[in-house]
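The compositional bias 'Basic and acidic residues' annotation in TrEMBL covers B:1-18. Annotation source TrEMBL lists region 'Disordered' at B:1-26. If you look up TrEMBL, you'll see B:40-58, B:65-82, B:88-108, B:120-142, B:148-171, B:198-216, B:247-271, B:283-308, B:320-345, B:366-388, B:408-425 marked as transmembrane segment.
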Amino acid sequence: MDLILVNLIDGLVTGLLLFMLSAGLTLIFSMMGVLNFAHASFYMLGAYFAYQISIAVGFWMGLLIAPLIVGVLGAGVERYGLRRVHQYGHVPELIFTFGLALLIEELVQFIWGKNQMPYSVPEVLNFTAFAISGNSIPAYKIFMIFISIAIFIGLLYVLTKTRVGMIIQAALSYPRTVEALGHNVPLIFMGVFGVGTALAGLAGVIAGPVLGTFPGMAFVLGSIVFVTIVIGGLGSLWGALVASLLIGWITTFAKSYNIEMEDLLNAIGISTPENLSDSVFRDFWSLTSPQIADILPYILMVLILIFRPAGLFGKRQS
Amino acid sequence: MTVSDPKHDVPEGAREQDQITTDPAKASERMRAGSMTLTLAPWVIATVVLVFLPMFFTNNSALTIMNQMSITIVFALAYNMLLGQGGMLSFGHAVYAGVGGFACMHIMNMSDFFETIPLVILPVFGGLFGMGLAMIVGSFSTRSAGTVFAMISLGVGELIAACSVIIVAFFGGEEGISGDRTYAQPFFGVEFLQQIEVYYLTIAWLVISAALMYLWSRTPVGRMANAVRDNPERAQFLGYSARWVRYYSFIASGFFAGVAGGLFAINYEILTEENLNTASSGVILLVTFLGGVGFFFGPIIGAIAFTLLQTVLSLSTELWAFYAGTLFVATVMFFPGGLAGLIMMHVPAFKLGKASGLVMPYIKTLLPAAIGLLGLAALVEMTFHFRHAATGDVEMTLFWTTFNSHEILPWIIAGAVTVIGLGIAKTTAPALKEAWNEANTAGGAS
Amino acid sequence: MKNITKLGAVSALSLVLGASAAFAENIKVAFIDPLSGPFASTGTNGLHQFEFAADYMVNEKGGLLDGQMMEVIGFDNKISPKESLIQLQVAIDQGVRFIVQGNSSGVANALTEAVDKHNRRNPDSRVLFLNYAAVDPALTNDKCNFWHFRFDANADIKMDALTDVIAENDSINKVYIIGQDYSFGKSVSAAANKMLGEKRADIEIVGDELHPIGKVKDFTPYARKIVASGADAVITGNWGADMLGLGKSIIENGFTGPIYTYYAAGSGITAAFGESGKGIIRLVGEGQINPPASQEASDYYNAYKAKYPDGNIDQSRISNTIGMLAKAISEAGTADDVVAIANALEGMEYETMWGGKVFMRPQDHQAIQDMHINAHTNEGVTFTYDNSDYGVVTESTVVMASMDSPTTCEMKRP
């Protein structure tokens, strides 16, 4: 029972982290129709910049400055890269971000080398906040939860209560009308892209010390972010939140409990074949949930796309 | 609290962009395939050249690399049946090639059956298995195009790649499945012991598959694939089911991908997880786009260029992936028609008989630009060496010159070459543009 | 159009291939391992150690035979079996007779079969495959062949040494086994189960599981289970980011017992564990780094550090590989006839500077050597890793580990 509570907290941390990434991605998508494949690369840049800054002036300055740099870089990519490719259409845009992801990974290796960076949790937060029956919850995780929730509330506030948010929302649906009203729509696009990537960068800053800062960190996370926003429904902020938490909890619980395929199949009335070790399906029978925990989101995505292509909260198809 | 609400309507522009909408009139931006009819001549020439190539490149490594090129060409052409001709972006196409290859590997290991068939027909089995998998997956993934199709392909690709380490009975875990091609029935006395024999088998399949894929694009279904790509609604009005057209293209593409997998099995005699994973799927997208999706022969050029980058450039520099990435991004940004688009750009000038007027301006601009870029590459290499080489190790060799990367002189030289090269290119660029316009304008003396 | 491009492409290709085939006298060793991509750091580090070993142990002492130099050429296989086979072909065409490779048993499997087939089909250009780090036991058992030599202890031998130490430790009553879901992870788990059962039947295995390789972002849930199981010790075969992620997570969750590992040192991992891993992380491996086993080893390490200040010698078997190859070439009196060299390698006893002997078992071409259980610590460390204050110090040693272990190898000799 205690373990369930611990797992709930762990899943929440994973889910909220995923949300920081998918929130930016889904905003960018709903505004510009671009599925940004390089999104996780900005997450990686955030971690590396923060590491570099933390060496010089400490973790907290890194937390403040690194996302800003990433955001500026992101805005630059939009202004000088995407906007140019935009004229060719949707597919080249997607492919451009795909190439950009490869390029950023190579650049990071070029500058920082290929080893894991010793980017670590600041001393202030390096203690155990509390323990539940022997399982300690580090203070840093609590800190991550609070940062993520603060970001979510801030984002919601900006989008729904401020003038800028209103313009953004209007530009999402009727870009031409908004332009006719005298607003600078390309500037709004650039801004949204910048903010989206800055959020990814922030996620990198706070995740780097726990999940590791290495050149493969974007690749590990890359496609799962897509899965999240597809499950949640493209363009829906709430969908992204729900899907992120869902994925966080599903994967955490699947890893924590050894559910075996054999038991499942027996439970629904299929009996284990004799001579299991000779059977062609032996690997299928011996599956356990931790083995497949990290591919469960993909299964979920394919099922959702087949039965509800708009995603959980999405209102449109593509 | 209704952040997601106002977004139910797609902006006018976005809906159009779900289809490929570049200007097909400009070759350099052309993303639509299928309107170019090839005569017989290029096929004959290509075949003859392929047959005689081993006379010039006798060593086994050149043959191995050419085999790799041929396999990539077949795979890239199969992929372009989806991307270029059908407008369907797949992020998991490696699995069809991979499953076809794994099936061939299992056939190789069924010694009783394998002894009765000649090796040359093995790729057919690969094709059939690739097609079988495509029939299953396509039955739900081709229902819609655009993002839904792309995401299902990504999901299915990840699932099957993940299965490859879990389902050991079929995929052999990370060690993969290996076999021996020489146990097949000898084909007119040939046992395929030597690389050169495998080369001829591979190019035979390359020419046959390329021809079949070309002919496919001429059939009504192939033509309808273009129509569905460009305007599915209109195609529906004409009485064609967009879904079925997509399904047929998908199956055909799966078949040829499987053939490529079968050729892989014959060449390497081993298939592993890497034949299925998302990185391979990404590479084939890269290859196809680099070559140009708008022309039938685009993927061929892409496959040749990429194999050279990956296999030959990587012998010379650790940074090959960096250059490949740069080239790819530059292609998407400036020439979305790919390398094929670049070449076809020149057709009007040739037709007007003015292509010769382009030669001098090209030399004046592109030569300095190339030198400038090499200078830039030298700077990149030197920076890399400076940062990452061993401390005592200050010597490096670049372009057949050995020098000390910690002295200022080489930096000045490389910097100067870069600045001067690109500078000259910049000053001569307007003249090139003028010559270009002139060469593409009908009339006037040339 | 197609033809022109292809012609141009292939002539470029022959230029590059031809250019590097110019020198004929050197004894060439092809290093086929990842030099780009996610595993590049391990590969590059290995290449440096090979180049250094060839220079320090062979070339600076005047070379071999009549003064022939040993040249290590790096080939980037991008950790892909397919690329490895292409690079193998390129290497053979350049006149290479010795292939060294180590990262990934999958690649090693592909290479050993390809080398076997190549040598059968092309008796004129036979090559030897010197495996310095791929530890899948099958390579010297069911899949063994005459051309393959392994200089590292295989997974079973390492587990044998590890379980010897665990069995002697009375405070360990519950063990948790966790690994990556592929052949190596599975063989670690199988060996641990079998050997613990034989040596200390009273030890309870409270967990035995596999996780997807290279895909896990957050190891916390696994760590929770391990702590909750009440295990006294953890055994894992993880490497790379999976090792670091798992180890950090387990320690963060308050685990204080030993974590027995195969690959938790060097390549940034030692620095990243730092203080938190002290007293917890243990490694099994060959070659004693701290305290230095001999003056020769100290000199060697210092010379290496002078050349590569950021590097580590985390694979002392690399110098054994070069040393034994050099000895075999000298004994055989030829650098071309690989059959004679292989015969010289078979059954060779080699005094290594890292302490003890290395014996190349003729039945299966598996090197038998001393195994050390090392602790990650900052006390008594002469040679640290990753320029941190931490390194590995030998705690206990199993002399000539698994000397009599059985093998299923049926060696076919030419």
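Placed from the backbone N, Cα and C atoms, the Cβ positions cover glycine too.
Under the criterion of 3 or more C-beta pairs below 8 Å, with sequence separation of 6 or more, the transmembrane segment (B:198-216) and the transmembrane segment (B:148-171) do not qualify as touching, having fewer than 3 such pairs.
With Cβ pairs under 8 Å as the measure, the transmembrane segment (B:320-345) is packed most heavily against B:283-308, out of B:40-58, B:148-171, B:247-271, B:283-308, B:366-388. Here the transmembrane segment (B:366-388) has Cβ contacts under 8 Å with residues 317-319, 322-323, 396, 398-399, 405-406, 410-411, 414-425, 428 of the same chain, all six or more residues outside its ends. Scored by C-beta pairs under 8 angstroms, the transmembrane segment (B:88-108) has its highest count with B:247-271, from the stretches B:65-82, B:120-142, B:148-171, B:247-271, B:283-308. Against the transmembrane segment (B:283-308), the recorded stretches B:40-58, B:65-82, B:148-171, B:247-271 differ in Cβ pairs under 8 Å, and the greatest number is found for B:65-82. Within the chain, the transmembrane segment (B:120-142) has long-range Cβ neighbours (under 8 A, six or more residues past its boundaries) at 88, 95-97, 99-104, 107-108, 149, 152-153, 156, 184, 187, 201, 204-205, 243, 246-247, 250-263, 265-266. Same-chain residues lying 6 or more positions outside the transmembrane segment (B:247-271) and placing a CB less than 8 Å from one of its CB atoms are 64, 67-68, 70-72, 74-75, 77-79, 81-82, 85-86, 88, 93, 96-105, 108, 119, 122-131, 133-135, 137-139, 141-142, 172, 176-181, 192, 198, 201-202, 205, 209, 212-213, 216, 221-222, 225.
Remote same-chain partners of the transmembrane segment (B:148-171), defined as residues 6 or more beyond its termini with a Cβ less than 8 Å from a stretch Cβ, comprise 88-95, 98-99, 102, 106, 137, 140-142, 177, 246, 273, 276-278, 281.
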